[in-house]
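Let me begin by presenting the structure, written as structure tokens, before commenting on it.
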Amino acid sequence: MTRPVLIFDSGIGGLSVLRHVRAQQPDLDLVYVADHDGFSYSDWVEADLVAHVVELMGGLIEAHDPRAVVIACNTASTLVLPALREQFRVPFVGTVPAIKPAARETRSGLVSVLATPGTVKRDYTFDLIRQFAPDIAITLVGARGLSHLAERVLAGEDVPEEAIRAEIAPVFVERDGVRTDTVVLACTHYPFLQGVFERIAPWSVTWIDPAPAIARRLSTLIMDAPGGEGTTRYLSTKPPEAFPAGFDASGRWERV
Ligand code: DGL
């Protein structure tokens, strides 16, 4: 095994990034880390979340000696990246709301950003809007329960569609005869629900998942790295027996 790339999220959402990394670089050795013990990152006091992720990352870097780390979490990236880059020498790739591509994509000028309540209140998110979408009407939707619902869906539970509909309803804005036509999936959990979103949406929109672009950015960053064996390890800060049924069905999750 070569030095792996570490992909990190508060839960299983980052697997939506991992699948694109794997598709683009089949040989890469990967270690996926879900901080289930800290999930959800949305409600953390910001200073506490920075300290928590920096501490956890210190242990992970020491244990796995990654060649690069992907923070596959908007709620963490929009806050913690500067502290991580200051503290560690390993290159970090972040995941932040895809406001720039959304501003290019929209025809109606109405764009919604679907994220956790943590991400929509970050200064980083407001800066992205100021910088890349000053003339676009952006609706920020902090969906309180949606990442929890995605965790449950991926754990194999039946989640009532009504619960998902209620979370995404504010995304669809109709104003002066124009409608939202572009929605940024600004939480890595949400691409796993995109099929449901499309089915229950009151009208059709373009959903923007930044994961392919993140995987491309990673490829550029580690272009000269030697090919690996294409291994993937799945680690969680919670013991596998504490996972809801479904997560450990394959028996592949290990404790950090
Ligand atoms: N998947 C994470 C994100 O991209 C956050 C999920 C959570 O911690 O609630 O924002």
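A Cβ is built for glycine as well, from the same backbone N, Cα and C atoms used for every other residue.
Record features (TrEMBL):
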ACT_SITE  CYS73  active site, proton donor/acceptor
ACT_SITE  CYS187  active site, proton donor/acceptor
BINDING   ASP9, SER10, TYR41, SER42, ASN74, THR75, THR188, HIS189  substrate binding site
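Features per TrEMBL, on structure.
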residue: ASP9; record: substrate binding site; Cβ within 10 Å: 31
residue: SER10; record: substrate binding site; Cβ within 10 Å: 31
residue: TYR41; record: substrate binding site; Cβ within 10 Å: 24
residue: SER42; record: substrate binding site; Cβ within 10 Å: 23
residue: CYS73; record: active site, proton donor/acceptor; Cβ within 10 Å: 32
residue: ASN74; record: substrate binding site; Cβ within 10 Å: 33
residue: THR75; record: substrate binding site; Cβ within 10 Å: 30
residue: CYS187; record: active site, proton donor/acceptor; Cβ within 10 Å: 32
residue: THR188; record: substrate binding site; Cβ within 10 Å: 32
residue: HIS189; record: substrate binding site; Cβ within 10 Å: 30
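Between the alpha carbons (Cα) of SER42 (substrate binding site) and CYS187 (active site, proton donor/acceptor) lies a span of roughly 10 Å.
Cα of CYS73 (active site, proton donor/acceptor) to Cα of HIS189 (substrate binding site): a span of 9 Å. The substrate site is set by ASP9, SER10, TYR41, SER42, ASN74, THR75, THR188, HIS189; from the centre of their CB atoms, other residues of the chain with a CB within 8 Å are GLY11, GLY13, SER40, CYS73, ALA76, THR116, GLY118, THR119, SER147, CYS187.
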